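> According to TrEMBL, the domain 'Cadherin' annotation covers 15-101, 102-206, 207-310, 311-348.
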Amino acid sequence: IGEWVSPGTRFPLETAHDADVGRNSLLIYQLTSNPSFSLAMKESPDGNNQPELVLERALDREKQSSFEMVLTAVDAGDPVRSGTIKIRINVTDANDNPPVFAQDQYRARLREDAPLGSRVLNVSASDADTGNNARITYGFGKMPAKVLQRFMVDTESGMITLKEILDFEDTRGYTLLVEARDGGGLVAQCKVVVEVLDVNDNAPEITILSLSSPVPEDAPVGTVVALLNVNDPDSGENGQVSCELSGEAPLSIVASSGGSYKVVTASALDREEVSEHRVTVVARDRGRARRGRGRGRVGCVEANGNAPVFSQAEYTVRVPEDVPVGSVLIAVTATDADEGLYGQVKYS
């Protein structure tokens, strides 16, 4: 009997036969007590009573898959004689149970450098039905194409694996909808939350926002020479950056807000000593100490920092008293270490 059969349905039973005649062959039927079934009699055209089994309440194969009863036929003779037959009822399964996942929601963590084919996790569903109605296949529900490209699920085992490289800086997590479908078409769904773990796969990036070059050599200490922005797309310590200058330039770097830095003069400049400084900014993160570098040149423009210097501190000239007016007595020479207008010397 199928578990989908409605209460009140009747099932004919085998009729007993008695070789006696008259009262000795009058048959009365009895059924062992069972709340799910009862016995009813149906009069057949030949006048004999036909025993029928009546379903009293709905069956549930998952609660009880079989029943055993005894049907007894008793005659009305004296002494009373009887015959019995065992009735065994097997309840046939209906696909009245959908698959059920072991968890409504699963969580997994996966490093962004996980190789292709890495196992994410295994989902599992069960079905209380039997046979084909309990055979479960797995698949993904409706999700964005970007998610479907990254993962795959084994239809038989429910194992979810990685089929495309992850990138924490692109997407930090995925939500997968996994479906379990039984052979009768009933579907259950669960959610799988995959957290992508960051690895230190990005070096700091240095962007020069502005660069003042050349810088006057008489610029005061603390003059801003360059503005920088340093960015590391990694997270946590992998994205925490510190900066420093390499080389011996009279400059220093000062942290500002929002990943910005200022390169400023740390001492007086002297163009005559060094006319150009090559500056290298080194940025290090706190992960595996990945580095980023930025380079620039800072020229030093002349300031009038030098006085003219004569070739001699003192000149001695002997002049005859009858020398004509306008005669050249001596040529004096002075030089100035400055450049441009600051290096042009006038005499008086």
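Heads up, the Cβ atoms here are built off N, Cα and C, so glycines get one too.
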> List the helix, strand and coil residue totals of the domain 'Cadherin' (15-101) as derived from DSSP.
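Counting residues by DSSP class gives 4 helix, 42 strand, 41 coil.
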> Average the per-residue pLDDT over the domain 'Cadherin' (102-206) and send me the rounded value.
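Averaged over the domain 'Cadherin' (102-206), per-residue pLDDT gives 93.
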> Give the residue counts of the domain 'Cadherin' (311-348) per reduced DSSP state, in the order helix, strand, coil.
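Residue counts for the domain 'Cadherin' (311-348) by secondary structure: 4 helix, 2 strand, 32 coil.
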> Just to be sure I understand, if DSSP states are collapsed into helix, strand and coil, how many residues of the domain 'Cadherin' (102-206) fall in each?
10 helix, 46 strand, 49 coil
